[in-house]
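> Structure incoming, see below.
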Amino acid sequence: MKSVIAVLVLSLVLVNFTQAAKDDRWKACRMKCYTESKLCMNNDSKCFDSQSCNSCIQQVYSPCFNRCQEMLRRREAFKRMFAFDEEN
């Protein structure tokens, strides 16, 4: 009985750790996008008034954010595939 409880506790810890790691990677990816888009602001002193700055941010941030989304989607698909293999 103790071994069953130990396995359940370990499973919960691993699930929580995996979720936290995923969240950290997601946050790191988004922060990288934000940092890259800030370069637009540093290159344009009138950033908040400038259409070119807004265009720069959209051209940098949107594709970067989409890459983060794709990374997350692929990771989730891989986990589902691995979980399916474990069941069979």
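For all residues, glycine too, the Cβ spot is worked out from N, Cα and C.
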> Cys56 forms a disulfide with which residue in Swiss-Prot, given the options Cys29, Cys33, Cys40?
Cys40
> Which of these, Cys33, Cys47, shares a disulfide with Cys64 in Swiss-Prot?
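Swiss-Prot says the disulfide from Cys64 goes to Cys33.
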> Just to verify a number: CA distance, Cys33 (disulfide bond) to Cys68 (disulfide bond), in angstrom, no decimals.
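Per the Cα atoms, Cys33 (disulfide bond) and Cys68 (disulfide bond) stand 9 Å apart.
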> How many Å separate the Cα atoms of Cys40 (disulfide bond) and Cys64 (disulfide bond)?
14
> Is it possible to get the count of other C-beta atoms within 10 angstroms of the C-beta of Cys68 (disulfide bond)?
18
> Quick one: give me the count of other CB atoms within 10 A of the CB of Cys40 (disulfide bond).
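Taking every protein chain into account, the count is 20.
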